[in-house]
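K.L.:
Sharing the record's features from TrEMBL:
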DOMAIN    87-285  domain 'Neurotransmitter-gated ion-channel ligand-binding'
DOMAIN    293-486  domain 'Neurotransmitter-gated ion-channel transmembrane'
TRANSMEM  286-307  transmembrane segment
TRANSMEM  319-339  transmembrane segment
TRANSMEM  351-373  transmembrane segment
TRANSMEM  472-489  transmembrane segment
């Protein structure tokens, strides 16, 4: 058997056997014919082997339903380097070197606004930056190609604008899966140069109205080496040169608007440069700070007012309540300042928190004044009792303590009161002791009414006048402050 292409062919076996027969017994002419026949068999077997392993199969012609027009802009003949003649020019020089400034148009598409940092006073933005200019050295003649597109490898061989971001802290060009750079060259020499960049730039923020503030930040573009005499940087389509994604959103800010501006920047050592600005305005959402800062501070102030309704003799209750509210306010103030830069001016939130802290602290001082005056009053009553012993021997009598605010005529007009017990003017200023004799049927009818009046008088005596006035003054003052605060800063 004869092995052809890894398999054994029965036909080849018989042909080989026929060729290997005893040829010596045949005539010369017959042997010559047989030799030619065997040679033809071997040639045909080699052709069959070559077709089997080359994998050349006929592909069916596509149906007219799937017919697609050819993109003539993608047809090129020869190598791009030879077509562009990159090696024939010196691209270290700008186009039209020695002549007028080359105009370079710019447009930007903002992909995302990633973060805004109040502590670092910066923002992070991802964008597509595109440049447009004309370089006649890259012009090529082509009847079929409307443009040629290249990746970042050609950028290193030709001249491109040296645009950088002013006041940027960090920036990089994305390189997954390859460098996100595109270069498109047109036959007349016009060039489109696009790249995808993430940049972190500085933003000067004013926190005087924080958190009821609005911030305006700018991303600035400028040529690093070429002045306005060599390179004229401009927005290609005016305000339409800046495109933004409608899905861009931030958690703490509302993006109000994007707009573009341009102006000249002067450096004393190098000259004037064209500078482009991407401006955007942000307004802070207030609801987060209402829940985390304003509502807790307001509740702590209202909680401090509860002590005005607690008995002034309940020292542990009122002191612990005052200290708790003061410490809570300090915690709130510390938490807010920890997430803010250390600015040298007063912020709007500082005004609200510190005024709230003053109200809480004044409630503690109010009880300190009440407790001091109560102690002084009790000391005077104790001295007064030592001067006038208890008159327990008098039948149907009762002692009633009256404030010194009663007039002298009212005190001396009490009938049946012994003359010897009328106090001097100095003692009457501290306290007047009146002994009311209750005897007979005339006083029995008024006994019940006097008892009720005595109980009400004792309640008024235990609730100091300062507490009574504080119940009205503190809430009214805090409400007035809130009206002024929100009308000024909102």
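Glycine too: its Cβ is placed from the backbone N, Cα and C atoms.
Unlike curated records, TrEMBL annotations are generated automatically.
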K.L.:
Looking at the domain 'Neurotransmitter-gated ion-channel ligand-binding' (87-285) alone, can you tell me the average pLDDT?
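P.N.:
92, rounded to a whole number.
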K.L.:
Mind checking which residues of the chain, 6+ beyond the ends of the transmembrane segment (319-339), have their Cβ under 8 Å from one of its Cβ atoms?
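P.N.:
Sequence-distant neighbours of the transmembrane segment (319-339): 118-119, 293, 296-297, 300-301, 303-304, 306-307, 310, 349-350, 353-354, 356-357, 360-361, 363-364, 367.
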K.L.:
Six or more residues out from either end of the transmembrane segment (286-307), which same-chain residues have a Cβ under 8 Å from its Cβ atoms?
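P.N.:
Distant Cβ neighbours of the transmembrane segment (286-307) are 211-212, 252, 317-318, 321-322, 325, 328-329, 332, 336, 349, 352-353, 356, 359-360, 363-364, 366-367, 470-471, 474-475, 478.
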